[in-house]
């Protein structure tokens, strides 16, 4: 089993649990996405802190660029020292930005292989069923081998399909497959269908993926300040992600695009919440307060060390101890 199928299988357990609660795959995806947001919330906090710290250092970086603009080697050295002094990893935000794509791939494999990765039916049995159905007249010609498991779910909704599947699955499993397939009809959409199969209502999925991604990034940048665009890898990610998400949503089962839309909306709400606690201004104020507190502590230590009263007390205590001896 490859790594993405493994992730898809792990996600499948959570998706199946959510589905069994509501028997609606669309609502199950909403619950599943909310679960992921909660699990990875500490990572989101770390990313937000990193972005706020980079925004806070933007002014200092501009000063360094003015001072060492003609010497790239010296500029890189000074910028590196600045990040090291402030305890900031410049790649922290970029690495965290890859997480949504990894999660999307996990969801993708859970959706395209629903029998093995979500229902966790034996892979050998499913493979035999797909191979057999490919050879049947009238079915094999319309059977998509890559999306064979999805086609089995669709086939299970018909009396003829049930007859064919009975040679591979018991009656209870077939009933579960039927119930699972019916649950994919959610919010007026067939989440097992693909938008690129024709001019259908499913085309709204890639459109919403594009719109929600663009709006989310626009308002997120407005909340956090345009300084985020100064980060090299982040600049390209912000431009490519909306287009990439729309293209992916157009070519894959609608359930994947639906997940991406829900994830984008919940992600924006999460950003609004985090911005109230870890914005660049708030983090800057905290850093300044810590700096002032440390300075006051150092000054207090110096005063204590060189205060004659404390020195005399120390001498007198030593004399008393000497007399007692």
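A Cβ is built for glycine as well, from the same backbone N, Cα and C atoms used for every other residue.
Just so you know, TrEMBL annotations are computer predictions that nobody has curated.
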**Prompt:** Pick from 153-173, 174-194, 258-278: which stretch is listed in TrEMBL under transmembrane segment?
**Reply:** 258-278
**Item:** Residue numbers, six or more beyond the limits of the transmembrane segment (199-221), whose CB comes under 8 Å of its CB atoms
**Value:** 188-190, 193, 228-229, 238, 241-243, 245-250, 254, 257-258, 260-261, 264-265, 267-268, 271
**Prompt:** Which bits of the chain, at least 6 residues beyond where the transmembrane segment (258-278) starts or stops, bring a Cβ under 8 A of a Cβ in it?
**Reply:** 26, 29-30, 32-34, 36-37, 41, 44-45, 48-49, 52, 100, 103-104, 107, 111, 189, 191, 205, 208-209, 212-213, 215-216, 219-220, 223-224, 245, 248-249
